[in-house]
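**Student:** Pasting the relevant annotations from TrEMBL:
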- 246-256: compositional bias 'Basic and acidic residues' (COMPBIAS)
- 257-271: compositional bias 'Acidic residues' (COMPBIAS)
- 329-338: compositional bias 'Basic residues' (COMPBIAS)
- 731-740: compositional bias 'Basic and acidic residues' (COMPBIAS)
- 747-757: compositional bias 'Basic and acidic residues' (COMPBIAS)
- 814-916: domain 'Small-subunit processome Utp12' (DOMAIN)
- 246-274: region 'Disordered' (REGION)
- 329-353: region 'Disordered' (REGION)
- 731-757: region 'Disordered' (REGION)
- 118-159: repeat 'WD' (REPEAT)
- 160-201: repeat 'WD' (REPEAT)
- 202-236: repeat 'WD' (REPEAT)
- 418-458: repeat 'WD' (REPEAT)
- 499-533: repeat 'WD' (REPEAT)
- 595-636: repeat 'WD' (REPEAT)
- 637-678: repeat 'WD' (REPEAT)
- 679-711: repeat 'WD' (REPEAT)
Amino acid sequence: MLVRKANHMYLRLAMGLTKQYLRYVASAVFGVIGSQKSNIAFVTIRSGEKGRYVAVGACEHVFIWDVRKAEKVLILEGKKHEVTYLCPSPDGVHIAVGYEDGGVRIFSLLNGESNISFNGHKSAVTVIKYDALGARLVTGSRDTDVIVWDIINESGLYRLKGHKDAITQVLFLENKNLLITSSKDSFVKWWDLGTQHCFKTMVGHRSEVWGMVVLNQENRLLTGSADSELRAWDIEYIEEGKAAGEPHEKKVKSLLEDEEEEEEGPDEDSEERIVSCQKAGSILRESRDRIVSLVTDAKAKVVACHGLEATLEVFTVFSEEEIQKKMDRKLKKAKKKARSQEGGETEPEPIVERKLTDEIQKLASIKASAKIRSMDCLLSPNGEMKIALLLQNNTVETFTIMTTEKNPTGTKTSRLTLSGHRTDVRTLAFSSDNIAILSASGETVKVWNRSTLQVIRTIECEYALCSLFVPGDRQIILGTKSGKIQIFDLASASLLETTDAHEGALWSMCLSPDQRGIVTGGADKTVKFWDFELIKDQDSGNNKRLTVNHMRTLQLDEDVLCVRYSPDQRLLAVSLLDCTVKIFYTDTLKFFLSLYGHKLPVLCLDISHDSTLIATGSADRNVKIWGLDFGDCHRSMFAHDDSVMFLQFVPKTHLFFTAGKDRKIKQWDADKFEHIQTLEGHHREVWCLAISPSGDYIVTSSHDKSLRLWDRTREPIILEEEREMEREAEFEESLAKGDEPVVPGETKGEAEHAGKKSVETVKAAERIMESIELYREESKQLEEHRLACEAAGKKLPPPRINPILMAFGNISPSRYVLEVIKKVRSSELEVSLLVLPFHYVPDLLQLFNSYVKQGLEVELVCRCLFFLLRVHFGQITSNQMLLTAIDELRTNTISKVREIKDVLGFNSAGLQFLQREIESKEDVMFFADATGRFEQTKRKRKKRERAVLTLT
């Protein structure tokens, strides 16, 4: 009781201080199964069954679905940018997620947490790949750059520049430490990761290269372009040993000749020094449009691809032994045919030519229920192939296909559809008890439980444009695009009645305040009034069912876009296609007021609870607030950057929310004409919103297929602070968009540093600068104190300790600088140091020397030291004051690094010894266990034999 009273007092105090402004926060995202911008990938959770779980991007989150149970088992929560690419690690423990802003985060699939994040791209990440060990990660982006990241060190290795358009695929060639990248600029580039340069560019494609895979143990490249061909290329690695066997004079001569050739001009053969790539042929696909996904399994035995349509094509890749058997059979047939035709004459032995179709052969075609957005496949050792498809209508389907059969067919094993709509949700409604949420789209109407976000009912319907719960919450009414009124019963999930209401689209519907009927407005220029009635249901005997009875019609001159009753049921507001809002008396339908001033049609309107204000939202991006007594415009506000799609007052207040095509939901005060807060989260146009009768919850729907729930908190909003936070966010955004820092003396080439200037790196650099300033001040104070003690000839009381150092446990100023550097994220360390002005570098070098002497964080200190020396090499070498510090650093770092290497070598040798010991013990135990089992099965067999003998 006391707690409740305290809560009421807090609420009253908050409302009094902030003029009843309380913050709404994002609560949940639901209704989306898989976003269209991301791909789908098979994942393994807690060493579970392979092929059971799939990961898909869902707006800014990643959902892990159990396709067998059709349940969401894990949510990897993002921040605010949409997910664009997913790539599980080779060990299956982690998953790398790329985002719209160019960031990459690595999540653990065990607990759903993200400890590693990289930020190097300027725009959306389009492709991610791990190397075989899972130690390196390569990412490609729409900004045309490819970046290689070191996952263990959590830092960027280098950025590879050369493509002129978005990157579409990247592949590691582990044998030779090479990287292949494809782009929409129609080129495929080969990179040597040892020297970080492009040594070969393939120009054999006439249009964008959308996908590629490596086959035959990295000896065959298959590429997909904008046409119906899959082009195959033979990869031949040119061995370095050929040149190694030559005498020294020949090597020098060849090098001199190469230099002369380079002076004369580039030669075509210069690209063929590491690898040779020749076209081997092409395979035709059924689909005539471009490749969207081109995927292989882990062993590259099967290739699957699809275009923009609903057909998936599966090809099998034969091994060398299978190809040889096939060629032998062909040769045998050719010989037999030659013998039958020769008629006793001796002819030369026939030659059978090896074709690409002998190596890669079409296996099957799978037809999905809608257009395919992305796919992934998994091949079991028994030949069963599992395929997961993300479709463009917010659906996930899985298929299995037996690759060992002669003419296999795909079998659909599961389909995830229940948790979302196939098309955009165009109307939302809350039940009177705030518990149920109604959402209706072009094909179904769903009722959700607000607290659990689970679907309670799914009923097929026509294309819905407006909806409401009938008083009592047992039935729902929909207005459709074809002009019909559909009444559904929630208990039986059945359609009770369909009534032809309008000849055109039924755009708007409103429940009368006395709850006895509804009013509808349509594109046939009429407003119709309907009363609820209970009639006998002929199908179920004496039971009664709900129906609507047409009472009156109001004929107008233009199409009706929106209708609303005033809460006192005295007036009816109707928005028309001629950009005006007409107000009529409800009882007589006489004209009362005309509200004109919008330049484009009014798409939404609402009337306040006391029937004194009406707010209108238009396609001209403005919201106007009018008085209902005289029809005067109180204020016109520029509300959104695009059309205002929906508007609704919070019950029993003069606050209202608007939803716009600019992806934002905004709250406004109709008395003070102030913008209170903006709710950001949707990634596409927001179509509609619904506020619960209590005003505590808001649900919104968008073109990104998601429904979002927003909760009202008890946190008060202070408008001045809100505006200040908005200005700070704008400033930080402009700060991050500034010019990239330049390393003196470095020319821009194919390889650059991987980092990117961001708000975090600027803040980290500021923290380092502040710590160095504090170190200088404290050092100066200590020096002054020492001199004062010497002058006084006695020990004086020590100076006051800085409160920041006290907060860190009374550490020394030099140790505080190290703590600040340690807290900088590993992937942002280099860029943060790059931003530092040079006059801080001498202090850092002296500090690094003291850290190395004490053996504090030697690896981190060496990393920072080597980077600063490379960046400020010219200024450091020309400064005589730093000569002694550099010399000390040289000797100290070499000795300390040697010590660490010795410790690591000893530990490594010890671990290897322990591994051998454990392996030898396990082998003994394994064989002992096997012997025991063999004896047990032997005894069982003897028992069975005895039992058979006794029976006979």
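Residue numbering: from 1, along the chain as shown.
Each residue, glycine too, has its Cβ placed from N, Cα and C.
Not measured: the values here are computed from a predicted model.
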**Student:** State the non-local partners of the repeat 'WD' (160-201) in its own chain: residues 6+ outside its ends, Cβ under 8 Å from one of its Cβ atoms.
**Tutor:** 126-127, 129, 131-132, 136, 138-142, 144-148, 207-214, 218, 221, 223, 225, 237, 271, 273-275, 277, 294, 748-752
**Student:** Taking residues 6+ outside the repeat 'WD' (595-636), which of them lie with a CB under 8 Å of any CB in it?
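**Tutor:** That would be 561-562, 564-568, 570-571, 573, 575-583, 642-649, 651-654, 656, 658, 660, 668, 670, 673.
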**Student:** Where else in the chain does the repeat 'WD' (637-678) make close Cβ contacts, counting only residues six or more beyond its ends and a cut-off under 8 Å?
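**Tutor:** Residues 19-21, 23-24, 600, 603-609, 613, 615-619, 621-625, 684-691, 693-695, 698, 700, 702, 710, 717, 719, 722.
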**Student:** Could you tell me the mean pLDDT over the repeat 'WD' (118-159), as a whole number?
**Tutor:** 91
